[in-house]
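Below you'll find the structure, written out as structure tokens, and then a few comments.
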Amino acid sequence: MGLMDHLSELRGRLVRCCLAVMVGFMACWAIVDPIFDALVDPLLKVLPEGSHAIYTTLPEGFFTRMHISFVAGVFVSSPVIFYQIWSFIAPGLYEEEKRHILPVAFMSAFFFISGGAFCYFVVFPNAFAFFVSYATDTIVAMPKISDYLSFVLKLILAFGLVFEMPLFAFFLARMGIITAALMRRVRRYAILGIFIVAAILSPPDVVSQLLMAAPMLVLYEISIYVASAFGKKTAKDEESEEKSDAEAGEAATAGADKKPGKGEHSAEDA
């Protein structure tokens, strides 16, 4: 395929993604109030008595609900979106790998939704309780609803994307672009990069950054295991592993030779 063919295919797949998001948006707009209540619930549970969320402008309620419907529509249409992404990548895969495009698309959507669910059920209760704990008798927490929901939706999307890490590691390892050995060698730089990404994707507070960085570190270690289990091994990697095994065997043998037996102890004592 030439460059123009690739661009034409990319345009077609982007159009399909936009149509899927539009359908998801309209479906979520029909049930936006229950979604709104669910998103606000973690905040209301930790607000002290007498505190409540507020609107400060007349159109804020309408545009907030549009924002919610759009993000919810992205999650609803995520199987279609990921299918289009992987289908666009498919020409660079082997025939055997192309047959797994549909399951991988649904796995991508599953990880994406799991990341959002982790954020909602684990991160929000702890983060909001921490933030609200700084309220006092004279300083009452009254969050602006649009700011709160912008914060919430941004975090949910960010966690959804972060949870895709093991799946992308699987495909990059299968294509030979990365290896488990490479990921181990650059681990210290990856940790630095994870904290930088967490600082960019999360709101500008230490708690949110740590709550995002912690699962990313775990996911990076899982990705190393995935790359080791399913990735291609080059001749260099196999030679390196054989060398490591040989060195480990020699070290064990040397340790056994240096360890004196019971007879030797008795002779020395005599």
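Yeah, the Cβs are placed from backbone N, Cα and C, and that goes for glycine too.
According to TrEMBL, the compositional bias 'Acidic residues' annotation covers 238-248.
Here TrEMBL flags 256-270 as compositional bias 'Basic and acidic residues'.
The region 'Disordered' feature in TrEMBL is assigned to 236-270.
The annotation transmembrane segment is assigned in TrEMBL to 14-32 (among others).
Under the heading transmembrane segment, TrEMBL lists 68-89 (among others).
Annotation source TrEMBL lists transmembrane segment at 101-131 (among others).
Annotation source TrEMBL lists transmembrane segment at 151-174 (among others).
As annotated by TrEMBL, transmembrane segment applies to 186-204 (among others).
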Out of 68-89, 151-174, 186-204, which stretch has the largest tally of CB pairs under 8 angstroms to the transmembrane segment (101-131)?
151-174
Chain residues outside the transmembrane segment (151-174) and at least six past its termini with a C-beta under 8 angstroms from it:
39, 67-68, 71, 74-75, 78, 89, 97, 104, 107-108, 111-116, 118-120, 123-124, 180, 183, 201-203, 208, 212, 215-216, 219-220, 222-224, 226-227, 230-232
